[in-house]
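What TrEMBL lists as domain 'Major facilitator superfamily (MFS) profile' is 26-417. Annotated transmembrane segment per TrEMBL: 32-54, 66-83, 90-110, 155-173, 179-201, 242-263, 275-294, 306-324, 330-352, 392-411, in sequence order.
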Amino acid sequence: MNAKTSSAGEEEASGMSNETLGEAKRRQVIRVAYVIAALDLTFLFMQMGLMPYLAKSLGLDSVGFGYLQTIFGVLQLVGGYIFGRFADQFGARAALILSCASGSCFFLLLSLSTNIPLLFLSRLPGVFMHGIPGAQKVITDVTTPSQRAGALGKLGFCFGVGIITGSAVGGVLSTKFGVYVPTYVGLVGSLINTLIAVVWIPSQTKPKSDHHVTEHSTSPSGSLFSIREILRLMKFPGVMEIFIVKVFAGFPIGLFMIMFSIISMDFFGLEAVESGYLMSYFGVLQMVVQGLVVGKLASRCSEMTLLRLSVFVFAGVGLGMALMRTVWHYCIIAAPLVFAFSMLATITDSILTKAVPSSDTGTMLGICASVQPLTRTVGPTIGGVLYKQFGVSSFGYLQLMVNLGLFVYLLKSKIPLEEMKSQ
(Lines of atoms letter the chains of each structure in order from A; the text may use other names.)
(Lines give C-alpha, C1' and ligand atoms only; values in the text may rest on other atoms or scores of the structure.)
Protein backbone atom coordinates (compact mmCIF):
# COMPACT_ATOMS: atom_id res chain seq x y z
CA MET A 1 0.00 0.00 0.00
CA ASN A 2 2.82 2.35 0.96
CA ALA A 3 4.74 1.45 -2.19
CA LYS A 4 1.76 2.23 -4.39
CA THR A 5 1.11 5.49 -2.59
CA SER A 6 4.78 6.42 -2.88
CA SER A 7 4.82 5.45 -6.56
CA ALA A 8 1.76 7.56 -7.23
CA GLY A 9 3.32 10.41 -5.29
CA GLU A 10 6.48 10.31 -7.40
CA GLU A 11 4.52 10.21 -10.65
CA GLU A 12 2.39 13.13 -9.43
CA ALA A 13 5.45 15.09 -8.36
CA SER A 14 7.15 14.45 -11.70
CA GLY A 15 3.96 15.45 -13.42
CA MET A 16 4.00 18.71 -11.49
CA SER A 17 7.55 19.22 -12.75
CA ASN A 18 6.35 18.80 -16.31
CA GLU A 19 3.46 21.24 -15.70
CA THR A 20 5.84 23.74 -14.12
CA LEU A 21 8.20 23.68 -17.08
CA GLY A 22 5.57 23.01 -19.74
CA GLU A 23 5.81 20.10 -22.16
CA ALA A 24 7.60 22.09 -24.87
CA LYS A 25 10.02 23.58 -22.35
CA ARG A 26 10.66 20.14 -20.81
CA ARG A 27 11.57 18.66 -24.20
CA GLN A 28 13.80 21.63 -24.91
CA VAL A 29 15.64 21.19 -21.61
CA ILE A 30 16.22 17.50 -22.35
CA ARG A 31 17.56 18.31 -25.83
CA VAL A 32 19.89 20.94 -24.36
CA ALA A 33 21.15 18.37 -21.85
CA TYR A 34 21.90 16.00 -24.76
CA VAL A 35 23.80 18.76 -26.61
CA ILE A 36 25.88 19.61 -23.52
CA ALA A 37 26.65 15.92 -22.93
CA ALA A 38 27.64 15.34 -26.58
CA LEU A 39 29.96 18.37 -26.63
CA ASP A 40 31.45 17.45 -23.25
CA LEU A 41 32.23 13.91 -24.44
CA THR A 42 33.63 15.19 -27.74
CA PHE A 43 36.15 17.39 -25.92
CA LEU A 44 36.92 14.59 -23.44
CA PHE A 45 37.76 12.06 -26.17
CA MET A 46 39.68 14.76 -28.04
CA GLN A 47 42.07 15.18 -25.10
CA MET A 48 42.23 11.43 -24.46
CA GLY A 49 43.59 10.93 -27.96
CA LEU A 50 46.27 13.61 -27.68
CA MET A 51 47.40 12.92 -24.09
CA PRO A 52 49.86 10.07 -24.91
CA TYR A 53 51.54 12.23 -27.58
CA LEU A 54 51.64 15.34 -25.39
CA ALA A 55 53.06 13.34 -22.47
CA LYS A 56 55.70 11.78 -24.73
CA SER A 57 56.69 15.15 -26.18
CA LEU A 58 57.29 16.43 -22.64
CA GLY A 59 59.51 13.44 -21.82
CA LEU A 60 57.07 11.46 -19.65
CA ASP A 61 57.71 7.70 -19.83
CA SER A 62 55.09 4.93 -19.74
CA VAL A 63 55.30 4.57 -15.95
CA GLY A 64 54.81 8.30 -15.46
CA PHE A 65 51.92 8.27 -17.91
CA GLY A 66 50.35 5.49 -15.85
CA TYR A 67 50.62 7.68 -12.75
CA LEU A 68 49.02 10.54 -14.69
CA GLN A 69 46.04 8.34 -15.64
CA THR A 70 45.73 6.96 -12.10
CA ILE A 71 45.61 10.47 -10.62
CA PHE A 72 42.84 11.42 -13.03
CA GLY A 73 40.95 8.24 -12.12
CA VAL A 74 41.22 8.93 -8.40
CA LEU A 75 40.05 12.54 -8.86
CA GLN A 76 37.05 11.36 -10.87
CA LEU A 77 36.32 8.65 -8.32
CA VAL A 78 36.22 11.09 -5.40
CA GLY A 79 34.66 13.89 -7.40
CA GLY A 80 31.75 11.84 -8.73
CA TYR A 81 30.09 11.55 -5.34
CA ILE A 82 30.90 15.16 -4.34
CA PHE A 83 29.47 16.37 -7.66
CA GLY A 84 26.26 14.42 -7.05
CA ARG A 85 25.86 15.92 -3.56
CA PHE A 86 26.50 19.37 -5.03
CA ALA A 87 23.75 18.78 -7.61
CA ASP A 88 21.28 17.80 -4.88
CA GLN A 89 22.09 20.82 -2.73
CA PHE A 90 22.43 23.51 -5.40
CA GLY A 91 20.48 22.13 -8.38
CA ALA A 92 21.22 20.47 -11.71
CA ARG A 93 21.88 23.79 -13.47
CA ALA A 94 24.57 24.82 -10.98
CA ALA A 95 26.13 21.35 -11.25
CA LEU A 96 26.29 21.47 -15.05
CA ILE A 97 27.81 24.96 -14.95
CA LEU A 98 30.41 23.70 -12.46
CA SER A 99 31.26 20.75 -14.73
CA CYS A 100 31.60 22.91 -17.87
CA ALA A 101 33.61 25.58 -16.04
CA SER A 102 35.92 22.87 -14.68
CA GLY A 103 36.36 21.62 -18.24
CA SER A 104 37.41 25.14 -19.27
CA CYS A 105 40.00 25.25 -16.47
CA PHE A 106 41.19 21.78 -17.45
CA PHE A 107 41.82 22.72 -21.08
CA LEU A 108 43.36 26.07 -20.10
CA LEU A 109 45.90 24.33 -17.87
CA LEU A 110 46.48 21.66 -20.50
CA SER A 111 47.18 24.30 -23.15
CA LEU A 112 49.80 25.82 -20.81
CA SER A 113 51.41 22.45 -19.98
CA THR A 114 54.92 22.98 -21.30
CA ASN A 115 56.47 20.77 -18.61
CA ILE A 116 55.59 17.64 -16.64
CA PRO A 117 54.53 19.35 -13.36
CA LEU A 118 52.01 21.53 -15.24
CA LEU A 119 50.75 18.44 -17.06
CA PHE A 120 49.99 16.77 -13.72
CA LEU A 121 48.47 20.02 -12.41
CA SER A 122 46.08 20.10 -15.39
CA ARG A 123 44.41 16.94 -14.04
CA LEU A 124 43.10 18.71 -10.91
CA PRO A 125 39.93 20.26 -12.44
CA GLY A 126 38.94 16.71 -13.41
CA VAL A 127 37.51 16.30 -9.91
CA PHE A 128 34.40 18.26 -11.03
CA MET A 129 34.29 17.30 -14.73
CA HIS A 130 31.10 15.22 -14.76
CA GLY A 131 29.07 16.29 -17.76
CA ILE A 132 27.20 13.00 -18.14
CA PRO A 133 26.03 12.79 -14.47
CA GLY A 134 25.03 16.46 -14.74
CA ALA A 135 22.94 15.77 -17.84
CA GLN A 136 21.49 12.67 -16.16
CA LYS A 137 20.47 14.78 -13.18
CA VAL A 138 18.63 17.24 -15.43
CA ILE A 139 16.83 14.42 -17.24
CA THR A 140 15.96 12.66 -13.98
CA ASP A 141 14.43 15.86 -12.60
CA VAL A 142 12.20 16.60 -15.61
CA THR A 143 11.02 13.10 -16.55
CA THR A 144 8.52 10.75 -14.91
CA PRO A 145 9.79 7.34 -13.75
CA SER A 146 8.15 5.64 -16.73
CA GLN A 147 9.99 7.95 -19.16
CA ARG A 148 13.32 7.90 -17.37
CA ALA A 149 15.00 4.76 -18.79
CA GLY A 150 14.30 5.77 -22.39
CA ALA A 151 15.48 9.35 -21.86
CA LEU A 152 18.64 8.27 -20.04
CA GLY A 153 19.30 5.66 -22.73
CA LYS A 154 19.53 8.33 -25.42
CA LEU A 155 22.55 9.78 -23.61
CA GLY A 156 24.43 6.78 -24.97
CA PHE A 157 23.84 8.22 -28.44
CA CYS A 158 25.74 11.29 -27.23
CA PHE A 159 28.52 8.96 -26.11
CA GLY A 160 28.81 7.55 -29.63
CA VAL A 161 28.91 11.04 -31.09
CA GLY A 162 31.65 11.96 -28.64
CA ILE A 163 33.81 8.94 -29.48
CA ILE A 164 33.58 9.43 -33.25
CA THR A 165 33.78 13.22 -33.38
CA GLY A 166 36.31 13.69 -30.58
CA SER A 167 38.72 11.02 -31.80
CA ALA A 168 38.53 12.18 -35.43
CA VAL A 169 38.74 15.94 -34.78
CA GLY A 170 41.47 15.56 -32.15
CA GLY A 171 43.57 13.42 -34.49
CA VAL A 172 43.23 15.78 -37.45
CA LEU A 173 43.91 18.93 -35.43
CA SER A 174 46.94 17.54 -33.61
CA THR A 175 48.43 16.08 -36.83
CA LYS A 176 47.94 19.15 -39.05
CA PHE A 177 48.25 22.03 -36.61
CA GLY A 178 50.14 20.75 -33.57
CA VAL A 179 49.47 18.82 -30.38
CA TYR A 180 48.27 21.90 -28.44
CA VAL A 181 45.59 23.01 -30.92
CA PRO A 182 42.93 20.52 -29.67
CA THR A 183 43.39 22.01 -26.17
CA TYR A 184 42.51 25.47 -27.53
CA VAL A 185 39.42 24.04 -29.23
CA GLY A 186 38.47 22.24 -26.02
CA LEU A 187 38.86 25.47 -24.03
CA VAL A 188 36.62 27.49 -26.37
CA GLY A 189 34.13 24.63 -26.63
CA SER A 190 33.91 24.22 -22.84
CA LEU A 191 33.28 27.95 -22.45
CA ILE A 192 30.47 27.71 -25.01
CA ASN A 193 29.09 24.70 -23.14
CA THR A 194 29.11 26.75 -19.91
CA LEU A 195 27.19 29.53 -21.66
CA ILE A 196 24.62 27.04 -22.99
CA ALA A 197 24.04 25.70 -19.47
CA VAL A 198 23.66 29.23 -18.06
CA VAL A 199 21.18 30.36 -20.73
CA TRP A 200 19.13 27.26 -21.54
CA ILE A 201 18.94 25.17 -18.36
CA PRO A 202 16.32 26.56 -15.94
CA SER A 203 17.42 27.33 -12.40
CA GLN A 204 14.67 25.05 -11.04
CA THR A 205 14.29 21.63 -12.68
CA LYS A 206 12.77 19.74 -9.74
CA PRO A 207 9.08 19.79 -8.82
CA LYS A 208 8.35 22.48 -6.24
CA SER A 209 6.99 19.81 -3.91
CA ASP A 210 10.46 18.26 -3.74
CA HIS A 211 11.70 21.08 -1.54
CA HIS A 212 9.65 19.61 1.28
CA VAL A 213 11.14 16.19 0.59
CA THR A 214 14.63 17.59 0.61
CA GLU A 215 14.29 18.97 4.11
CA HIS A 216 13.24 15.64 5.60
CA SER A 217 14.90 13.03 3.39
CA THR A 218 18.46 14.21 3.16
CA SER A 219 21.06 14.14 5.86
CA PRO A 220 21.11 17.20 8.12
CA SER A 221 24.82 17.39 7.43
CA GLY A 222 25.66 19.99 4.79
CA SER A 223 28.96 18.32 3.95
CA LEU A 224 29.56 17.56 0.28
CA PHE A 225 31.38 14.34 1.21
CA SER A 226 29.93 11.99 3.78
CA ILE A 227 30.41 8.23 4.09
CA ARG A 228 27.30 8.20 6.27
CA GLU A 229 25.28 9.57 3.35
CA ILE A 230 26.50 6.79 1.05
CA LEU A 231 25.58 4.15 3.63
CA ARG A 232 22.17 5.77 4.12
CA LEU A 233 21.36 5.53 0.42
CA MET A 234 22.57 1.93 0.26
CA LYS A 235 20.00 0.98 2.91
CA PHE A 236 17.02 1.81 0.69
CA PRO A 237 15.25 -1.35 -0.57
CA GLY A 238 17.10 -2.95 -3.45
CA VAL A 239 19.81 -0.28 -3.80
CA MET A 240 22.72 -2.34 -2.49
CA GLU A 241 21.76 -5.37 -4.60
CA ILE A 242 21.42 -3.40 -7.86
CA PHE A 243 24.59 -1.42 -7.20
CA ILE A 244 26.58 -4.63 -6.64
CA VAL A 245 25.30 -5.98 -9.96
CA LYS A 246 26.24 -2.70 -11.66
CA VAL A 247 29.79 -2.77 -10.30
CA PHE A 248 30.66 -6.43 -10.84
CA ALA A 249 28.87 -7.16 -14.12
CA GLY A 250 30.98 -4.66 -16.06
CA PHE A 251 34.20 -4.95 -14.07
CA PRO A 252 35.90 -7.73 -16.14
CA ILE A 253 35.18 -5.99 -19.45
CA GLY A 254 36.37 -2.76 -17.85
CA LEU A 255 39.72 -4.42 -17.15
CA PHE A 256 39.88 -5.55 -20.79
CA MET A 257 39.14 -2.05 -22.11
CA ILE A 258 41.85 -0.54 -19.89
CA MET A 259 44.38 -2.95 -21.40
CA PHE A 260 42.96 -2.60 -24.92
CA SER A 261 45.66 -0.25 -26.24
CA ILE A 262 48.26 -2.92 -25.44
CA ILE A 263 46.05 -5.82 -26.57
CA SER A 264 45.31 -4.10 -29.88
CA MET A 265 49.04 -3.89 -30.63
CA ASP A 266 50.32 -7.19 -29.18
CA PHE A 267 47.38 -9.56 -29.68
CA PHE A 268 45.55 -8.11 -32.70
CA GLY A 269 48.61 -6.51 -34.33
CA LEU A 270 46.82 -3.22 -35.11
CA GLU A 271 48.47 0.03 -36.08
CA ALA A 272 47.40 3.34 -34.50
CA VAL A 273 45.19 4.23 -37.49
CA GLU A 274 43.47 0.84 -37.41
CA SER A 275 42.82 1.21 -33.67
CA GLY A 276 41.19 4.54 -34.44
CA TYR A 277 38.91 2.87 -36.98
CA LEU A 278 37.97 0.28 -34.38
CA MET A 279 37.07 3.03 -31.89
CA SER A 280 34.89 4.68 -34.54
CA TYR A 281 33.17 1.33 -35.12
CA PHE A 282 32.42 1.18 -31.40
CA GLY A 283 31.03 4.70 -31.57
CA VAL A 284 28.66 3.79 -34.41
CA LEU A 285 27.49 0.69 -32.53
CA GLN A 286 26.89 2.81 -29.43
CA MET A 287 24.78 5.29 -31.38
CA VAL A 288 22.69 2.55 -33.02
CA VAL A 289 22.12 0.57 -29.81
CA GLN A 290 21.31 3.56 -27.61
CA GLY A 291 19.37 5.45 -30.22
CA LEU A 292 17.29 2.62 -31.69
CA VAL A 293 17.31 -0.36 -29.31
CA VAL A 294 17.57 0.55 -25.62
CA GLY A 295 14.70 3.06 -25.56
CA LYS A 296 12.27 0.75 -27.38
CA LEU A 297 13.06 -2.21 -25.15
CA ALA A 298 12.78 -0.04 -22.04
CA SER A 299 9.23 0.97 -23.03
CA ARG A 300 8.13 -2.63 -23.66
CA CYS A 301 9.88 -4.73 -21.01
CA SER A 302 10.24 -4.49 -17.26
CA GLU A 303 13.51 -3.13 -15.93
CA MET A 304 14.25 -6.35 -14.04
CA THR A 305 13.84 -8.36 -17.25
CA LEU A 306 16.23 -6.06 -19.09
CA LEU A 307 18.72 -6.21 -16.23
CA ARG A 308 18.74 -10.03 -16.36
CA LEU A 309 19.04 -9.89 -20.16
CA SER A 310 22.06 -7.56 -20.06
CA VAL A 311 23.85 -9.77 -17.51
CA PHE A 312 23.09 -12.91 -19.54
CA VAL A 313 24.39 -11.29 -22.75
CA PHE A 314 27.49 -10.18 -20.83
CA ALA A 315 28.11 -13.83 -19.90
CA GLY A 316 27.85 -14.80 -23.59
CA VAL A 317 30.27 -12.01 -24.49
CA GLY A 318 32.71 -13.45 -21.95
CA LEU A 319 32.59 -16.84 -23.67
CA GLY A 320 33.17 -15.18 -27.04
CA MET A 321 36.14 -13.22 -25.67
CA ALA A 322 37.66 -16.38 -24.24
CA LEU A 323 37.50 -18.03 -27.67
CA MET A 324 38.39 -15.08 -29.96
CA ARG A 325 41.63 -15.18 -31.90
CA THR A 326 41.46 -12.31 -34.44
CA VAL A 327 40.25 -8.72 -34.57
CA TRP A 328 37.37 -9.86 -36.79
CA HIS A 329 36.15 -12.10 -33.98
CA TYR A 330 36.27 -9.09 -31.71
CA CYS A 331 34.26 -6.99 -34.19
CA ILE A 332 31.51 -9.65 -34.07
CA ILE A 333 31.59 -9.77 -30.26
CA ALA A 334 31.49 -5.96 -30.11
CA ALA A 335 27.78 -5.77 -31.05
CA PRO A 336 26.42 -7.79 -28.07
CA LEU A 337 29.13 -6.22 -25.88
CA VAL A 338 27.92 -2.68 -26.61
CA PHE A 339 24.30 -3.78 -26.19
CA ALA A 340 24.93 -5.36 -22.78
CA PHE A 341 27.12 -2.48 -21.58
CA SER A 342 24.61 0.18 -22.67
CA MET A 343 21.60 -1.67 -21.30
CA LEU A 344 23.26 -2.36 -17.96
CA ALA A 345 24.29 1.27 -17.48
CA THR A 346 20.92 2.69 -18.49
CA ILE A 347 18.72 0.29 -16.54
CA THR A 348 20.75 0.34 -13.32
CA ASP A 349 20.91 4.16 -13.35
CA SER A 350 17.14 4.30 -13.91
CA ILE A 351 16.38 1.80 -11.14
CA LEU A 352 18.73 3.40 -8.63
CA THR A 353 17.38 6.94 -9.17
CA LYS A 354 13.86 5.61 -8.52
CA ALA A 355 15.04 3.74 -5.45
CA VAL A 356 16.04 6.85 -3.50
CA PRO A 357 14.18 10.07 -2.64
CA SER A 358 14.09 12.58 -5.48
CA SER A 359 16.19 14.90 -3.31
CA ASP A 360 19.01 12.34 -3.46
CA THR A 361 19.02 11.45 -7.17
CA GLY A 362 22.09 13.60 -7.85
CA THR A 363 24.05 11.88 -5.10
CA MET A 364 22.98 8.47 -6.42
CA LEU A 365 24.03 9.40 -9.96
CA GLY A 366 27.34 10.64 -8.57
CA ILE A 367 27.93 7.30 -6.85
CA CYS A 368 27.07 5.51 -10.11
CA ALA A 369 29.47 7.78 -12.00
CA SER A 370 32.28 6.69 -9.66
CA VAL A 371 32.13 3.08 -10.88
CA GLN A 372 34.17 3.68 -14.04
CA PRO A 373 36.85 5.81 -12.30
CA LEU A 374 37.15 3.04 -9.71
CA THR A 375 37.83 0.55 -12.50
CA ARG A 376 40.35 2.93 -14.10
CA THR A 377 42.11 3.32 -10.74
CA VAL A 378 42.56 -0.34 -9.79
CA GLY A 379 42.24 -1.75 -13.31
CA PRO A 380 45.76 -1.22 -14.70
CA THR A 381 47.32 -3.33 -11.94
CA ILE A 382 44.77 -6.17 -12.04
CA GLY A 383 44.46 -6.09 -15.83
CA GLY A 384 48.21 -6.11 -16.27
CA VAL A 385 48.61 -9.19 -14.08
CA LEU A 386 45.79 -11.06 -15.87
CA TYR A 387 47.17 -10.24 -19.32
CA LYS A 388 50.78 -11.06 -18.47
CA GLN A 389 50.11 -14.27 -16.52
CA PHE A 390 47.06 -15.76 -18.30
CA GLY A 391 46.62 -13.98 -21.64
CA VAL A 392 43.63 -12.32 -23.32
CA SER A 393 41.33 -15.30 -22.78
CA SER A 394 41.48 -14.74 -18.99
CA PHE A 395 39.36 -11.59 -19.36
CA GLY A 396 36.71 -13.61 -21.17
CA TYR A 397 36.62 -16.44 -18.64
CA LEU A 398 36.42 -13.94 -15.77
CA GLN A 399 33.57 -12.14 -17.55
CA LEU A 400 31.74 -15.42 -18.10
CA MET A 401 32.05 -16.67 -14.51
CA VAL A 402 31.15 -13.37 -12.84
CA ASN A 403 28.08 -12.75 -14.98
CA LEU A 404 26.80 -16.32 -14.80
CA GLY A 405 26.95 -15.99 -11.02
CA LEU A 406 25.12 -12.65 -11.14
CA PHE A 407 22.50 -14.06 -13.52
CA VAL A 408 21.71 -16.93 -11.16
CA TYR A 409 21.58 -14.43 -8.28
CA LEU A 410 19.09 -12.21 -10.16
CA LEU A 411 16.92 -15.21 -11.02
CA LYS A 412 16.73 -16.48 -7.45
CA SER A 413 16.64 -13.24 -5.47
CA LYS A 414 13.55 -11.12 -5.05
CA ILE A 415 14.78 -7.55 -5.17
CA PRO A 416 11.90 -5.31 -3.99
CA LEU A 417 11.62 -3.16 -7.11
CA GLU A 418 7.99 -2.31 -6.42
CA GLU A 419 9.00 -0.61 -3.19
CA MET A 420 11.90 1.27 -4.78
CA LYS A 421 10.16 4.62 -5.05
CA SER A 422 10.93 8.09 -3.81
CA GLN A 423 9.84 8.67 -0.27
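From the backbone N, Cα and C atoms, a Cβ is placed for every residue, glycine too.
Keep in mind the model is a prediction, meaning the values are calculated, not measured.
Long-range neighbours of the transmembrane segment (66-83) within the same chain, counting only residues 6 or more positions beyond its ends whose Cβ lies under 8 Å from a Cβ of the stretch, are 51, 55, 60, 95, 98-99, 119-120, 123-124, 126-130, 133-134, 224-225, 230, 362-363, 366-370, 372-374, 376-377, 380. It is 32-54 that, among the stretches 32-54, 155-173, 275-294, 306-324, forms the most Cβ pairs under 8 Å with the transmembrane segment (90-110). Between the transmembrane segment (242-263) and the stretches 32-54, 155-173, 179-201, 275-294, 306-324, the greatest number of Cβ pairs separated by less than 8 Å involves 306-324. Across the domain 'Major facilitator superfamily (MFS) profile' (26-417), the prediction's mean pLDDT works out to 86. For the transmembrane segment (275-294), the residues of the chain that approach it from at least six positions outside its boundaries are 149-150, 153-157, 159-164, 167-168, 171, 261, 264-265, 327, 331, 334-335, 338-339, 342-343, 346, judged by C-beta separation under 8 angstroms. Note: the stretches the transmembrane segment (179-201) and the transmembrane segment (392-411) are not in contact (fewer than 3 CB pairs below 8 A, sequence gap of 6 or more).
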